[in-house]
Amino acid sequence: MSDKTLVNPNLEFIDEVVGLGGDSLKKCFQCATCAVACPIAPENSPFPRKEMIAASWGLKDRLVGSADIWLCHECGDCSTLCPRGAQPGDVLSAIRSYAITEYAQPKKLAKMVTDKSKFWILTAIPAAWFALMAIITMTMGGTMEKLFGFFGAHWVHHTDAPIAQARFISSWLVDLTFIPLAIAAVTVFYLGLKRMLNDMHENALTEGKTDKQDLDIKAFLKTIPAVIPKILKHTQFNECGENKARGTAHMMVLYGFVGCFIATSIGFFLLYVVGSAGPYSQVNPLKWFGNLGGILIVLGAALMIKDRLGKDKTSNYKDWYLLGLVVLLGATGLLTEMARLAGSTFGTYLLYYIHLIAVFHLFAYVPFSKLAHFVYRIVGMTYAEYANRQ
């Protein structure tokens with residue numbers, strides 16, 4: 001008598017995947033066209049057919065802990081060729097969104113970030129915080145100077161320029177807000193990725209996708225340099241046939257953020273090490289990286305929005321939240337500088353205030369938003385390389 005396997009479908013998981021953009025899931029009748037069409041799927045147990053089957057049955061643990069969902073770049077080849085219009089790319093995107101929420105802690109905050117009805121609550125927090133920081137900066141300068149002087153530091157962080165963001169909200173208060181937030185975000189990522197990595201290895205062993213019995217963290221970390229060039233070049237996007245243009249837009253946003261990070265790092269060094277306060281000259285390298293980065297972010301996000309609006313593509317709140325945030329980050333950063341150069345004090349400070357709220361969203365909520373897929377994908381791709389996924 002043959003062995004029997006009891007399948008316990010997770011109906012809540014199916015509903016979540018459908019709600020996150022995988023509403024075409026039930027159209028799939030498992031013909032395997034998608035697995036044949038995908039140019040980047042491994043030869044051994046290729047995706048996305050097996051993921052479509054598992055999602056239809058509500059096999060949450062098999063999907064959430066699989067590295068294969070992160071190898072998919074949603075290029076659209078499978079969705080274009082699907083005879084049933086099941087949109088496998090959208091379904092895998094929904095599964096990835098679910099996985100991010102599953103691994104991120106605390107779960108209550110993760111649920112709030114993905115709930116559009118909670119957007120204004122999440123926005124009111126930084127809005128109130130930076131309003132308080134502005135009041136402290138503009139009305140308590142003498143008190144703060146004494147307080148910081150007690151610790152051997154200078155409170156004032158600006159030149160004699162008539163318009164300077166540090167006159168509105170002190171650089172100290174900005175950095176003392178974002179540095180702890182960045183540490184918290186890294187901690188959330190670390191805890192989530194640790195669980196994810198163990199789950200991926202267990203999944204790979206169960207499904208015969210690796211010959212490594214034990215997970216060697218040192219060997220895994222040594223594999224990262226082999227994956228980074230693929231990410232920087234967007235190699236997988238270039239292998240896609242249907243939607244290579246998405247690769248260009250993603251690269252623009254990626255390198256835009258890299259440029260802004262370099263600009264921020266230079267500014268931090270100049271302010272706290274050299275002791276040189278802003279506003280800085282337009283010929284300062286800091287401005288080159290910051291301005292170019294902001295332009296790349298805005299243009300790249302605009303191309304993504306155009307692509308999402310111009311095609312028969314399922315979009316949900318998480319998609320638009322991310323795109324809106326990226327546009328707001330780049331646009332308010334550039335417009336703040338333009339307003340300052342134009343001599344508009346009110347415009348500069350208002351735009352800077354909005355920019356800080358957007359940056360707060362980026363730092364505080366990134367481990368729970370769709371933007372976290374960048375970090376999770378790096379780990380998924382690295383594990384596939386480490387495990388000799390073929």
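Positions of Cβ are set from backbone N, Cα and C atoms, glycine also.
Caution: TrEMBL annotation is automatic and unverified by curators.
Copied over from TrEMBL:
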DOMAIN    25-85  domain '4Fe-4S ferredoxin-type'
TRANSMEM  119-140  transmembrane segment
TRANSMEM  172-193  transmembrane segment
TRANSMEM  253-274  transmembrane segment
TRANSMEM  286-305  transmembrane segment
TRANSMEM  320-343  transmembrane segment
TRANSMEM  349-368  transmembrane segment
Of 172-193, 286-305, 349-368, whichever stretch has the most CB pairs under 8 A to the transmembrane segment (320-343): 286-305
Average pLDDT across the domain '4Fe-4S ferredoxin-type' (25-85), rounded to a whole number: 85
